[in-house]
Structures are given as structure tokens and as C-alpha cells.
Amino acid sequence: MNQSLAEDPARAPLLDRLLNEEAFQSGMIFSHAENPSNEVLRHRATAQDQERCIDIDDHNRKDNQALVRTLSHARDELRYFRNGLRCLGLDQSSKLKVTLSWILFALFTFIVPFVNLTSVSCPDCDPQHRHPFEGLVQLAETALAAVSFVCLSHIVRRHGLRRTLFLDRIVRESHEVRAGYESELHGAFSLLGSFLLPIALIEIAFRVWWYYYVTVSIPFIESHRRLKIILNVVLCSCGLLSWLYRTSVFLFTCILFRLMCHLQILRLKGYIKLLETTSNVSIILSEHMRIRSQLTIISHRFRAFLVAASFTISFSQVWSAFVLLSSYEKFNFFRAGDLVVCSVVQLTGLMLCLNGAAKITHRAQRIIGIVSQWHALATCNPHAVTDSQRTGEGDSNDPALWSSTIRGPAHPCVYNDSSDESDSDDEEQSPRHSTSIKQAFHDMENYQKRHALLCYLQQAKAGVSLYGCVLDRGFLYGIFACTFSLILVILDYWMRRLWEGWKG
């Protein structure tokens with residue numbers, strides 16, 4: 001790092017500062033040897049610049065007490081997330097902020113919706129201006145906001161934002177993974193704004209229209225014309241703020257989960273590149289175990305949110321379809337606009353979560369296919385996975401002049417047609433095509449290693465799971481089948497009512 005950054009470390013980006021700690025985190029602090037350089041390095045890590053945490057990947061976590069990582073500063077890549085947490089009232093870094101966070105949550109999630117339900121009415125409205133779905137919409141939005149707030153506040157308060165985002169481990173990844181993850185950090189709130197802005201415009205138009213017609217009656221307050229206008233404006237503003245708060249908390253949690261998934265997708269891309277360059281089973285196995293460990297952590301942290309949100313959204317959508325199909329009245333935007341906005345928000349958040357989780361599972365399953373093909377070729381057709389290079393001049397049939405290495409599972413040449421190799425004179429003259437040369441990978445030890453790796457990948461499937469159920473295509477097909485079955489049941493009930501009414 002240059003001199004200006006060394007003088008003012010607060011200006012250095014977070015990922016660059018974490019990168020400077022890579023050598024320190026890679027094993028120096030876990031060394032039990034008395035090394036003077038280690039002692040100096042320990043003293044440099046002051047209490048202001050470091051935070052103690054336990055490395056989950058380290059099996060000797062009781063003996064290795066601390067993993068040093070850099071604290072956040074005002075200009076790092078997490079500033080948008082911290083500002084977002086403050087705006088949503090999720091900054092719980094002190095007891096005062098925890099109290100304010102829960103007060104804000106109770107106000108906008110429960111009190112304001114309850115006041116709107118009990119104090120706002122439209123007795124003189126014609127059927128085209130009534131609001132029949134207010135209770136269902138408020139209940140669904142409140143339930144999703146409560147689930148999101150409780151889960152997100154628990155995760156952030158317990159693990160911290162950086163550990164939640166796995167920034168304490170990003171220094172172990174390649175440059176491509178770090179650059180891609182930094183880009184995702186910058187674009188996360190842009191994604192939230194792109195979803196929230198058009199939906200907010202529709203909600204504002206609907207709420208303004210609704211409060212133009214309604215009558216606000218609050219007990220023990222005598223209303224007159226001027227007070228009525230003031231109450232309508234106040235409740236309309238509070239209702240919009242309540243909707244914005246609940247929607248933002250839910251979508252923020254979904255985007256945070258998607259960001260976690262995208263980090264693992266970047267790591268799986270790097271893992272596939274690793275498979276192109278190495279055939280060492282130990283390296284392949286250890287790296288896969290590290291990725292699977294982080295996927296397990298993500299699943300455990302977000303499984304309660306995913307399950308509760310899925311049940312809430314499914315119940316809300318099915319009940320909405322039941323009410324719509326059971327009614328003979330005509331619906332337009334001014335009658336069912338709030339239901340449309342609520343459904344769009346719910347499905348957007350659900351698709352963000354399922355899309356991120358399914359992508360991880362699909363890439364993990366692709367790795368199983370790559371290793372399976374590599375193991376089959378190495379066992380049945382060893383020449384397809386062998387790379388022979390000439391090391392000297394002389395007789396091309398002399399085995400001493402050739403060196404053979406096994407290609408990695410994802411090496412591009414493994415998938416090439418064997419006819420492509422015939423174009424090279426060196427390949428034709430290579431002694432690896434001779435059956436008299438003993439191949440190293442034919443021995444039982446290499447075969448057992450490959451077989452053990454393949455069995456591990458098949459049994460210990462990597463991916464986001466919900467209490468043992470992996471979120472893959474089969475899971476998504478099951479959700480679609482259940483939802484479609486419920487819709488058919490509702491349609492059957494509706495058709496029966498129409499038939500009975502027509503006969504009567």
C-alpha cells in the first residue's frame with residue numbers, strides 16, 4: 001500500500017485493507033511457535049483496529065482464540081448497508097439504538113396499520129370505490145415485515161454485518177471473486193431502488209386516491225372540516241411511511257440473502273477454474289468442504305426467514321385468489337390496487353430468494369457431473385485425461401523423454417473429441433499411447449482417491465437447504481405443483497358456485 005494510504009488508513013477501501021491482512025489471517029495468528037515476527041505483528045493489531053471472532057473453518061477454534069479482521073470505517077464498501085440499516089431502524093450497535101429500533105418497528109408495523117384499519121371507513125362510497133382487501137393486505141404486509149425484522153436483527157446483532165457478508169473471509173478468495181463481490185456490494189441498493197421505486201409510485205397513487213374519499217373518525221376527537229383534512233393527510237402520510245418501512249425491511253432481507261448466494265456463486269465459479277488446473281484430490285476435497293461449510297452457515301442463518309416468508313406468501317396468495325374468485329363483483333385498480341401491489345412485492349422477494357438459492361444448487365450439482373465424468377474417463381480411458389509433454393530430444397518412443405500429468409476434472413481438453421489429438425505429431429509419437437507404458441493413475445491408490453471424492457460429492461450435496469431439503473429444481477417443481485393444485489381446488493369451488501347459481 002502506498003504512503004498516502006499508510007498515513008491515512010481510513011481512506012483505504014475495506015477489501016484492500018482486508019487483503020493486507022491475508023498473510024496474517026492465513027496462519028500466523030494460529031501458530032503456537034514463539035516467533036518474534038509474530039509477536040510484533042500481534043502488537044500492531046490494536047484494540048481499535050481489530051475485532052475478535054472465531055474462525056468457523058478452523059477445527060482448533062478453542063485453542064485458536066482470535067481471527068483478526070479490520071473494523072469498518074466511514075468510507076468503506078459497507079457504508080450503503082450501514083446507512084440502510086440505520087434508515088430501517090436495524091442499527092442495534094448499542095442499547096439505545098436497540099430500544100429505538102424496536103419502537104420504530106412496533107410503530108410502523110403494528111400501531112399505524114391498526115389505526116388505519118379501525119379509524120378509516122367509507123360508508124358513503126359506492127361499490128366501485130370501496131376497499132374490500134384492506135384487512136388481508138395489512139395482515140400479510142405486517143407478517144412479512146415482522147418475520148424479516150426479527151430474523152435480520154437477530155443475524156446482524158449476533159454476527160455483525162461483515163461476518164454476515166463473509167467479508168472476514170473474502171481475503172482468502174481470488175482476485176476475480178473479490179472484484180465481483182465488491183461490484184455486487186455497490187449494486188445491491190441500486191437493485192433495491194429499482195424494485196422499490198415503481199411499486200412506491202403505484203402505492204402513492206392508490207393511497208392518495210383512497211384517502212380522498214374516506215372518512216377518518218378517531219374516538220374522543222370531534223371532527224370538523226379542517227380537522228378532517230388534517231387527519232386524512234396525517235394518516236395518509238403515516239400509512240405510506242408504514243408501507244415503505246415494511247416493504248423495505250422485507251426486500252432488504254431478500255436482497256441480503258441474494259447477496260450471500262451470489263458470493264457463493266462467485267466462489268463456485270472459482271472452484272470450477274480450480275478443477276481446470278489441478279487433479280490433486282486433496283485440494284479439490286478441502287476447497288469443496290470449505291464452500292459447503294459456508295453454504296451450511298447461510299442455510300442455518302436464513303432458514304427461519306425463508307420458511308416463514310414462504311408460508312406467509314403462499315397463504316396470502318391462495319386466500320386472495322379464493323376471495324377474488326368467490327366474489328361476483330367486478331374489480332378494478334381502485335378496488336384491488338393494494339392487493340396488486342402487495343402481491344408484486346411478495347412475489348418479487350420470493351423470486352429473489354429462490355433464484356439465488358437455486359443457482360447455487362445447480363452449480364454445485366454441475367460440479368458432481370464434472371468430477372463423475374473425470375473419474376469415469378480416468379478409469380476407463382486414461383489417455384483422455386493425460387497430458388504428455390516431451391522433456392528432451394532423441395527417440396520419440398523413449399519413455400524417459402516424456403512426462404505425463406493428469407488433467408483436472410474441468411480441463412477443456414478432457415471434453416475434446418479424441419480425433420482432435422491426432423492433428424498433433426507430438427501426440428501421435430507420445431509413448432502414452434503405447435500399452436507397454438505403465439500409467440501412474442492406474443494404481444489402486446489414485447482410483448480409491450477419485451472414488452472417495454465422487455462418493456463424498458454425491459452424498460454431501462452442497463447448496464442452500466431448509467431443514468434438510470435442498471432448494472433445487474425438484475423443490476421448485478414441488479412448490480409449483482402444490483400452488484397449482486390449490487388454484488385448481490379454488491377454481492373447482494368457483495365453478496360449482498357458478499353452476500348452482502345458473503341452475504337456481
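Note that Cβ sites are derived from N, Cα and C of the backbone, with glycine treated the same way.
Listed in TrEMBL for this protein:
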- 385-409: region 'Disordered' (REGION)
- 96-115: transmembrane segment (TRANSMEM)
- 135-156: transmembrane segment (TRANSMEM)
- 188-209: transmembrane segment (TRANSMEM)
- 229-259: transmembrane segment (TRANSMEM)
- 302-324: transmembrane segment (TRANSMEM)
- 336-358: transmembrane segment (TRANSMEM)
- 475-495: transmembrane segment (TRANSMEM)
Review point. So, do the transmembrane segment (475-495) and the transmembrane segment (229-259) meet, by the test of 3 or more Cβ pairs under 8 Å (sequence gap 6 or more)?
Key: no
Point to revise | Which of 96-115, 135-156, 302-324, 336-358 contacts the transmembrane segment (188-209) most, counting Cβ pairs under 8 Å | key: 336-358
Review point. Which residues, given as numbers and ranges, are at least 6 beyond the ends of the transmembrane segment (229-259) yet have a Cβ under 8 Å from it?
Key: 84, 87-90, 104, 108-109, 112-113, 115-116, 119-120, 141-142, 144-145, 148-149, 151-152, 164-165, 184-185, 188, 191-192, 195-196, 199-200, 203-204, 207-208, 211-212, 214, 216, 218, 223, 298, 302, 305-306, 309, 345, 348-350, 352-353, 355-357
Revision key, fill the gap. Lying 6 or more residues past either end of the transmembrane segment (135-156) yet within Cβ distance under 8 Å of it, the residues of that chain are 85, 90, 92, 101, 105, 109-110, 113, 116-117, 164, 243, 245-247, 249-250, 252-253, 256, 301-302, 304-305, 308-309, 312-313, 316, 319-320, 323, 338-339, 342, 345-346, 349
Exercise for review: Using a Cβ cut-off of under 8 Å, list the residues of the same chain at least 6 residues beyond the transmembrane segment (336-358) that approach it.
Suggested key: 131-134, 136-137, 140-141, 144, 195, 199, 202-203, 206, 247, 250-251, 253-255, 257-258, 260-262, 265, 306, 309-310, 313, 316-317, 320, 324, 463-464, 471-473, 476
